[in-house]
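Report on the structure given below.
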Ligand SMILES: C[S@@+](CC[C@H](N)C(=O)[O-])C[C@H]1O[C@@H](n2cnc3c(N)ncnc32)[C@H](O)[C@@H]1O
């Protein structure tokens with residue numbers, strides 16, 4: 001197997017999973033993170049294979065390290081021991097005094113390094129109501145506690161599925177979704193609607209999705225495929241965390257060609273000429289991002305990492321209900337990335353590159369993918385001319401209204417057929433013997449998709 | 001041809017989609033002759049509401065062209081897996097695009113992946129799997145039904161999928177995937193009446209480096225048995241999902257306006273205002289199936305003691 005890339009390395013973005021919580025973190029010089037209220041030293045994960053399991057061990061008060069452990073030692077769920085249970089809840093009083101242990105005492109136990117099983121046993125012994133709870137209720141309670149106090153941590157290699165999960169939910173403010181509320185089912189349909197083929201050539205515009213769209217498409221691209229990535233003056237190369245986190249091999253990045261929006265405009269207006277266009281290969285711009293991001297995290301002394309919030313929400317929006325990601329945006333980087341871009345402009349290969357762009361635009365694209373926070377209507381109506389006949393476009397919006405309008409406008413045109421506007425509904429299930437039911441919470445929306453097929457009328 | 005890969009002009013032997021409207025599409029193989037009911041060769045003519053289409057005349061046309069017929073026009077489109085799912089001849093129940101999309105995504109498939117599928121059924125999912133793992137990956141598809149296997153095989157060949165798809169006749173619950181499939185799969189997919197019986201075989205087939213698992217089942221009892229089996233065989237991150245797609249029609253309606261101004265204005269005719277809105281359909285499929293996904297970790301992180309059949313609390 002591809003063993004090199006299966007080993008955790010310095011500077012890697014890693015996904016850390018603890019009980020039900022997952023976070024995305026870049027391994028910079030400062031190797032400690034705050035995760036569910038404890039400060040954990042990550043040094044021990046470097047050099048070990050991805051998917052390894054670790055026991056979280058206390059070094060001193062509030063400070064922990066990771067010890068690799070055998071997966072067999074991890075309990076599948078904490079057990080209540082030989083406790084009795086009630087048959088229904090008639091004797092349970094709903095007061096806040098059910099638990100005799102104070103919050104401070106519980107924290108103290110954690111600080112003393114007691115294991116989850118020990119803490120949970122203490123909680124049971126000090127709970128006035130536990131034995132009155134029915135077996136179901138006891139199990140439910142245990143499951144909740146065991147996830148909260150999980151002593152184990154798994155390090156996972158980022159992939160598109162995990163990134164979409166970790167980047168999607170902003171648990172800090174549940175009503176303010178990241179990634180424009182683009183849920184995984186919607187993302188998965190963007191790819192099928194556009195008939196994404198590994199060797200095809202696709203135009204993509206994404207804004208405010210942390211590079212997840214580009215990363216998803218690039219992941220599905222073969223060395224012969226091409227992504228024409230539309231960039232605008234406000235385009236920010238360093239807000240593409242997903243693209244960096246995927247750690248694609250260099251050759252992959254060669255498939256991404258950044259083209260200024262103005263180039264498309266000029267080409268469309270001036271009878272297919274390309275002058276002063278900007279094109280640069282993604283590997284160059286990406287390299288810069290990678291570096292600058294790493295430096296920023298180091299220079300800021302990991303402060304940002306420490307501030308990264310891990311907020312608990314008792315919802316289960318997906319398998320792992322609570323999803324957070326470390327947040328280290330740096331506005332200074334934006335300017336830096338922009339200057340890289342203008343440097344790129346001055347390259348001596350300009351002529352050849354212009355020719356390349358012209359050819360790319362002459363031979364129309366196999367599809368158009370637009371996922372952005374802006375109102376996409378005018379852009380889509382213009383960009384359709386760059387899509388070949390019998391190929392599709394797909395537009396994502398967080399809002400239905402602009403897509404209704406776009407639907408109407410496109411309906412008037414002769415060159416677009418099979419226009420469809422869809423929305424999805426996605427529900428996840430708790431599956432346990434005799435206790436199977438939909439999860440209590442679900443994402444109420446996953447965004448809207450509009451799609452259609454280009455045709456010719458001659 | 002051309003379900004994997006893209007081209008711009010129609011050649012003999014291609015499968016094309018005849019588009020009449022969003023609800024009327026047909027898949028056709030472009031060849032000059034076809035067999036009639038009595039197995040006699042006749043000219044390949046396709047009848048539409050707008051008149052007859054001589055299929056051979058499509059050769060050389062650009063995909064996406066408008067084709068004029070005696071009483072109207074149609075479009076001839078490049079085939080896609082999604083249009084095939086909409087138009088294919090049903091030999092079994094099939095999986096539709098919203099579920100297919102989620103399966104591709106959750107199985108972490110990409111060019112080069114090796115995926116095992118059972119059963120092949122009508123090949124609806126197989127097409128999409130093939131497109132994703134193309135050009136250097138592979139789909140090994142299994143079904144125990146002889147006729148379905150042979151029909152699917154011909155279909156995949158006609159559609160140019162042969163380099164990436166192999167179909168085999170086999171009872172995967174009883175006999176597993178076979179020696180040759182040990183440690184080859186990045187992902188395993190099941191659409192079977194008794195999926196849990198195939199779980200131990202899936203473990204053998206998945207690479208030592210680990211992989212993903214998915215199962216599609218219409219009934220919750222099937223899901224429960226499958227999840228129990230997965231837990232007992234070292235799988236983690238077990239997640240059951242259900243996805244439904246709602247399609248809107250965009251409509252413009254004129255609505256009478258009710259306001260204080262309407263009072264005493266009966267004979268003058270009520271004022272109307274126009275609205276544009278997206279209308280969901282009155283009815284839609286409310287259930288297709290449950291999708292259960294799971295991860296089999298790499299060997300080094302796989303639990304050794306597998307308490308088969310024993311479901312832990314989570
Ligand atoms: C619902 S169909 C699959 C449909 C397919 N997913 C599609 O999208 O077209 C189920 C198929 O599984 C096959 N099957 C059932 N039990 C099987 C077994 N034990 N081994 C192999 N195939 C089996 C049946 O013959 C049938 O064709």
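We number each residue from 1, going along the chain as drawn.
Note: Cβ is positioned from N, Cα and C throughout, glycine not excepted.
Taken from TrEMBL, the feature S-adenosyl-L-methionine binding site applies to B:122, B:123, B:124, B:125, B:143, B:191.
Taken over all pairs of the listed S-adenosyl-L-methionine-binding residues (B:122, B:123, B:124, B:125, B:143, B:191), the Cα spread reaches a maximum of 13 Å, rounded to the nearest whole number. Neighbours of the S-adenosyl-L-methionine site: apart from B:122, B:123, B:124, B:125, B:143, B:191, residues of the same chain with C-beta atoms within 8 angstroms of the site's C-beta centroid are B:92, B:94, B:95, B:117, B:119, B:120, B:121, B:126, B:141, B:152. The 10 Å shell around the Cβ of residue B:191 (S-adenosyl-L-methionine binding site) contains 24 further Cβ atoms across the protein chains shown.
In sequence order, B:94, B:95, B:100, B:103, B:117, B:189, B:191 make up the list of same-chain residues 6 or more apart from residue B:125 (S-adenosyl-L-methionine binding site) whose Cβ falls under 8 Å from its Cβ.
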